[in-house]
Each structure stands twice: as C-alpha cells, then as structure tokens.
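Participant: Below is the structure I would like to discuss, written out as structure tokens.
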2 protein chains.
Amino acid sequence: MISRILAADLPTHVGSHVRLAGWLHRRRELKSVSFLVMRDRSGLAQIVLREPVQLAEETVVEVTGTVAANPQAPGGAELVDPVIEVLSSPVESPPFDLYRPVVAGALPTVLDHAPVALRHPRLRAPFEIAAAGVAGFRAALDGLGFVETSTPKIVASATESGANVFGIDYFGKPAFLAQSPQFFKQALVGVFERVYEVGPVFRAEPHDTARHLAQYTSLDAELGFIHDHRDIMAVLTHALTGMHAAVTERAGTATALLEIDVPKVPEEIPAIHFTDAQELLARHTSEDPRGEPDLAPAHERWLGEWALREHGSEFLFVTGYPMAKRPFYTHPDPARPEYSRSFDLLFRGLELVTGGQRLHLHADYVTALAGRGEDPEAYRGYLKAFAHGMPPHGGFAIGLERWTSRLTGAANIRQTTLFPRDLHRLSP
Amino acid sequence: MISRILAADLPTHVGSHVRLAGWLHRRRELKSVSFLVMRDRSGLAQIVLREPVQLAEETVVEVTGTVAANPQAPGGAELVDPVIEVLSSPVESPPFDLYRPVVAGALPTVLDHAPVALRHPRLRAPFEIAAAGVAGFRAALDGLGFVETSTPKIVASATESGANVFGIDYFGKPAFLAQSPQFFKQALVGVFERVYEVGPVFRAEPHDTARHLAQYTSLDAELGFIHDHRDIMAVLTHALTGMHAAVTERAGTATALLEIDVPKVPEEIPAIHFTDAQELLARHTSEDPRGEPDLAPAHERWLGEWALREHGSEFLFVTGYPMAKRPFYTHPDPARPEYSRSFDLLFRGLELVTGGQRLHLHADYVTALAGRGEDPEAYRGYLKAFAHGMPPHGGFAIGLERWTSRLTGAANIRQTTLFPRDLHRLSP
C-alpha cells in the first residue's frame, strides 16, 4: 500500500498516484462536475469525482488517486480519478455545518459538542497556537538551565486563599486541589535553583464570567539567586519572546487562518511603578485612583493604550503593587515597605502574568504570617524549606488559556480551552 | 558586580576573579588549611579559606575570589582568597548529612523532609533524568506532527474503573479526579489526529506498595489513521528512543553520578504474542500459565530475561492480551476475537507501558458496553466523538515515575516522585 500523504502536500506531488485520508469536509455538486473536500490535520484537499457519491459530511475516508495541477483548487492541486474507501460513517450530523467559514452555533452549543465542534479549522486553530506557545516557553527556560518538575495537585491545605478551593475526599481525610504550585516551586528552588512547571491548577471560582475557569493551565516558573524582581521580569520577557517566536515558527497555518498578528515582545518591556501609574491616571483621565490599593480593569486598559502610544509596546509591566493586595509570601520593597517587589504584566490592557520576589528568610515568613493573623503552624510544611536556607528568589505564573485568548482575540476564555470546566460545566 | 558563574565552570576560569553562589555543602578543616565545599545546581566547588569560618551547612552564600588550578580539587580548580557573604542562614539542621555520598535516613524520613532531602545530589539526580526524558518524549512526538493538549482533570464519571477514583465536591455536585485522559485523547484524535499530553493522573490506590502512587505523571499519546496496533508500537518505540537519547544528551551529570547506563532502545523492539509467551513459559519454566488471562509478575520477569538473552533487548512487547483483561474500548484481533490488538511493553521484566488499538465505530462501542453489562447512556459524552466519524486509532501511556524508577534502579517509586502522594502521605 502506498504511504499516506497530507492534504497540504498535494501540490508537491503533481502527477503522482497518492493516498489521502481524512474527514469528508464538504460535498459540492456543480452542473458538470462533483467535488469532495477532504479535511485532514494539515488542511483541505479537493477531490474531483467521476460521478456523485452519497456520503455524509464527517465520513472518514481513505482516497487514492492521481494529483493534478489546477490553479482553481485550494493550493493549486487536486486529486482526480479517486478510489474512495469509507473507514467509518457518522451516525449523527454535527449540530452545525463544519464547512462554513464561521461556526453558526452559540458558544454553549459549541462547548456541549466540543468533540465535533473542535474539528472546525477556526475552532481548532487556537490550540495549535497554545501548543506552540508552551513549546516556546519550555525551550526558552530550558536554555536558561531551568528544570521541569511535576508537583502534587492534591494538597493538605489551600495555597493561595481558602475561598476558592475544591475539597476532596483523600482516603477518608479532607484534602484540596492545588490552586497553584506556589509552595512546591519555591521549595524546589532550594533543590534545582530554577524550575518550571506546566500543569493544571484549580480554582472553585463562583463567578460565571468570560475569563474565569475552574481549571486552567498554569505556566509557572521560579528562580533563585536573584537581586530583585527585575531579574524575574527579565526571565519572563525571555520566556514570552520564546513563546511568540514559537507561534510564528510552528503555528503559521493557525495564525494565518485566524488572520492574527503575533506581536513582537520588546527586548525590554516598558515598566511603570504602581504609584506612577496612578499619577498618570490622575493627570490624564477623569478619575483619581491615588490611594487605592489596586488598579481597576478600566485603569489597566488605559495603561495598555498608554504603553502602546508612548512606547509602541503591547506589553507593560506595572511594578510595586501595595503589599496589602499581595500574598503573604511577597517581598516588600525595602525602600518603601508598604509597596512590594512584585509586578503584573499587562498584555493589551489586561493582566496576563503576576509575579515578583518572594520572602526567603524563615523569620520573615513567621512575621508576615503573624502580621496577617495567620498561624505559622498551619504552614509548617511550607516553612520547612526556608528553615534550611533559601536564596533570594521569585517567579511568575502565566495563564495559558488567557494568553491564547488575548493573542487570538477570543471574546471568551472558553474558546481557548479544549473542554472548559466552570461553575455550570462538568462535561464533555 | 561581576556575573555569577557556576561551580562546574570553575576550571575554565583559572586566574580570573569570579563570583559563585550556592549552599554551604560541607566544611573541612585539615591541620594546615580549611575548606568550604559549596553546592550549586551544577555541582560542587572547593573554596580555600584563609581562616576557618563558623557557618552551618546549608547556609546560602555568595563567594567572590580567584580561581586557582589544583589537581587535587574537584574538577581541577578551586577558589582562593574568598570573600564570603551570607545570603541566608538555616534555622534548623537537616535530619541527615547532605554531604555524605549516600543519605543515611530511611525512606519515610527522607520523604518527610523532601524540601531539604532532595538537595542531596543523588536524590536530586532522578528528577533531572525525568525532565530530560519528558523533553525527549515531546521532541520525538512533535517531530511526528503530534499536538500537545491539556484536558480536564475533573470529570463527571470514572474513565477507567470505578474502583480507585477520588471523589470531589464540584460546586455542590459529585465529580471525580481523572484516572487518565483516555476519553479526551480519543476524542481529540478526531480534531488533531495525533495528540499527546503530559500531566497528572489520579488513582485512589488502596495498596501501599513500592510501585503505587495516588498521583503520577502520565505520558499519554493517541493517533489516528493506523492500520493496527503495530503502528502504535512503532510510535512508542520512536518516543522511547527520543527519551533515552535526551537523557544521554541532557542529563549526563545525573547518570554519571548514579552510575547508570542508559540502555539503547532497539530499532525494532522484539515482540511476542501473549499465547506464544505462555507457550514459552510452559516449555521452559516449572509453571504452565496457558489458559490464564494475564501474566504474573514472575512471568514478566522471566520474559524480560528471555528477551535480553535471545534478542539482546531490555525491552519486550507482549501483544494480543485476552480481551477479558482489557478495557471495553480495546480493539479485538479480527482473526482471533478473544485476543486483542493491545500490548504491554516490558522494560527489564516489568510492565512500563500499556497501549493498543481502540474501537472506532460507534456501534462497536454500544455492543462492547452492553456485552460488559454497562449502560451506554452513562458513556454518552464519550460516545459522542464516535457518533461523528472517527478513524481507526490507538495510543499508549507511559508512567513517568515508573520509567525513571526502572532506569535509575530505584527500589521504590517514591524515590522518583518529588512529593509522593499515597494512602498515608498527603504532605509535604
């Protein structure tokens, strides 16, 4: 049997006898001729029929035939004199036509039928971009000597805040799904100095919004022997540069299909201190946010536009957020202890990444927890790493689905999640 | 400030003034001279003191000094005239000496103190090997056009068997932790044709053994348009070859430290049918397993030795396991329907991988479920993908910790798991 070739490779096989395999994407019957359009993982192939066939869309077929040049066919080549073998016939029709340029179904319908809906090239494309981005993230950090790790998703206590944690019955004992690998990645700085993890994190988000998920993929990194948060920002910039480069390199078909530009990550992403950002907003907008402990979404949008206008950058670091709004493990700015050595990275006016320097001295943890009225004893396992000598360190976490969603312009984060989990959705 | 260099780079900086940073691994006081041995992620560096210092092991230090050649020092170079700055002091001593060649603690003690125990170079090494292996797995499959995916770990029903599943409270509704991405990866063959996922899977294993974990990392792959299970075996062989090559290439320090050989994966791994394996065992051992539906661990060990003796291979495929012992989605061998198109891969006489061809026709699933007394309605979401046309497909899953454990010769799988979760262990 001759080897299978992909639809995208037809143009380089003109004159040859080849075998294709894929899904019947569309039938087209014109007055004088009938076509099948077959879809495989590489794209579409046009097949010219001698006589019409009665096959339903999504029938899985294997087609042998001869490749002929035809400037009117997609890619400039088509298959003629085909012999079609049916590998599998659908028993149900898709809830919407997969061959139309845009899916006609509403988002809930699309999500309910994800196994078939995702076959639509435009719905599939974001995930090819996500896969490329993750590969770029890993390659960038591997190049800096990071070690990839796998840490527990079942934990004895909440890592971030007790509010949005899923409970689990662990052999009769209460346990929780990890909201982040925060404590583990910090402990592992003591082992590998530089670690990253790409894995699921869980948030029992009671909010039914376009940007909250109960499970998402977190790209976590943590590194030791830093001077301050700016070393983290430099590594993050490097990682994002790798992600965007990998998308350009590996997901060109998907970005072309979605007609999106992959923005260049500046060599140095502009950064503004939280207080300076508030000053800017007070001076140039009708609001005066000075004194507030955080930035409102509208402020982030304004700052995003400002960064593009003033610095030509779609990215902006906001640094030095007030300690009051950051987790207890955040390192304060020694010069202004009410502000932190942390940052958010805004991408097109929306928070994409949070990161910063962490405390590294055992005594500082005990003080910080006590200052927030928390019992250090509850954090005993976590504090152990710091009892044994930890270097100054910090890290960041990128939400993969959020990044993909920003990059592709998706209106809802569920469009960049294969099988989203939320307040109302537990299947498929 | 001069840039930090790593301990391993000392020999290439003889005569230079450099900065090192790491943990005080050991102090050595001889009659005429005192040394510090500093540990960083690359290895150890010897520092010659002008006068003894009183610093505890695991103190985090930054040391500037001049590199001097010394054939007696590790790597042939050491740091002289050092200026030591303490970055962080431990407040507790490790439960065992990290500088001894082998850790003196029993496994439970080691696991209880994982954040500090893993700093021991021999305990850390398996995870450098694991990270390299995963990178090799991905590179091999990326090269074959696979797409990496992230699928839900919270599911509405058990994927493998109801027996060892963790229950979870999902916004007031019962849900479960995914025992495998099996159903998702099959559905995604309909989308991407070839997918893989590296992620956590969860088993509420009631067995407290040296090879069971409640969470492990599964390297899952699935691909469509196959002829039969042998196409899966070829992809698995390619993936393993990539994993072993990556270990040799990227984790040389770790394999040297553990003094392990990374076995070459044969271009074609020998394969034996289940019934032929039973014949062999009946002929050459004192047992007669013919008629049994599975192989006992002792049989697998014997077959592993046989493969090494007869084929010079540390790997052996056993194919065609009886359908009775395989999950309902397994594809039967059309020529002998009581046997399957599935396989196990034995590595050094122990099962490392399970895989095979799956059913792909909707009607076959309905029949298979009914034949096992299961209600197809309970699998409605899963069966949806097959209702819309699926190609012949199959896949496999490698347990990462099990692979690392076999490769490094670890006696217990907990030695190749950063923070193991089991019947009795939920922290650290």
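Each position is counted from 1, following the chain as shown.
Cβ coordinates are placed from backbone N, Cα and C, and glycine is handled just like the others.
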Participant: Among A:Glu148, A:Glu259, A:Glu267, A:Glu351, which is the one TrEMBL gives for the ATP site where A:Arg203, A:Ala204, A:Glu205, A:Arg211, A:His212, A:Leu213, A:Gly399, A:Leu400, A:Glu401, A:Arg402 also bind?
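Facilitator: For ATP, TrEMBL names A:Arg203, A:Ala204, A:Glu205, A:Arg211, A:His212, A:Leu213, A:Gly399, A:Leu400, A:Glu401, A:Arg402; of A:Glu148, A:Glu259, A:Glu267, A:Glu351, the listed one is A:Glu351.
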Participant: Can you say which of A:166-169, A:182-185, A:318-321 is given as region 'Aspartate' in TrEMBL?
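Facilitator: Here TrEMBL associates region 'Aspartate' with the stretch A:182-185.
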Participant: Out of the binding-site residues A:Arg203, A:Thr354, A:Leu400, which are near chain B, with a C-beta less than 8 A away from one of its C-betas?
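Facilitator: Answer, by Cβ distance to chain B: A:Leu400.
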Participant: Could you state the CA-to-CA distance between A:Leu400 (ATP binding site) and A:Arg203 (L-aspartate binding site) to the nearest Å?
Facilitator: 15
Participant: Give me the Cα-Cα distance between A:His212 (ATP binding site) and A:Arg203 (L-aspartate binding site), rounded to a whole Å.
Facilitator: 9
Participant: Round to a whole number and give the Cα-to-Cα distance in Å for the pair A:Glu351 (ATP binding site) and A:Arg358 (L-aspartate binding site).
Facilitator: 20
Participant: Which of the recorded positions A:Pro74, A:Arg203, A:Thr354, A:Arg358 has its Cα closest in space to the Cα of A:Arg402 (ATP binding site)?
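Facilitator: If we rank A:Pro74, A:Arg203, A:Thr354, A:Arg358 by Cα distance to A:Arg402 (ATP binding site), first place goes to A:Thr354.
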Participant: Do me a favour and check the Cα-Cα span between A:Glu205 (ATP binding site) and A:Arg358 (L-aspartate binding site); whole Å is fine.
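Facilitator: Each residue's Cα considered, A:Glu205 (ATP binding site) and A:Arg358 (L-aspartate binding site) end up 25 Å apart.
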Participant: Distance check, please: Cα of A:Arg358 (L-aspartate binding site) against Cα of A:Pro74 (site 'Important for tRNA non-discrimination'), rounded to an integer number of angstrom.
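Facilitator: Between the Cα atoms of A:Arg358 (L-aspartate binding site) and A:Pro74 (site 'Important for tRNA non-discrimination'), the distance comes to 54 Å.
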Participant: Of the residues named as ATP binders, A:Arg203, A:Ala204, A:Glu205, A:Arg211, A:His212, A:Leu213, A:Glu351, A:Gly399, A:Leu400, A:Glu401, A:Arg402, how far apart in Å are the Cα atoms of the most distant pair?
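Facilitator: Largest pairwise Cα separation, rounded: 20 Å.
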Participant: Under DSSP, is A:Arg358 (L-aspartate binding site) part of a helix or a strand, or is it coil?
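Facilitator: In the DSSP reduction, A:Arg358 (L-aspartate binding site) maps to strand.
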Participant: Which has the fewest other Cβ atoms within 10 Å: A:Arg203, A:His212, A:Arg358, A:Arg402, the binding-site residues listed?
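Facilitator: A:His212, out of the binding-site residues A:Arg203, A:His212, A:Arg358, A:Arg402, has the fewest neighbouring Cβ atoms within 10 Å.
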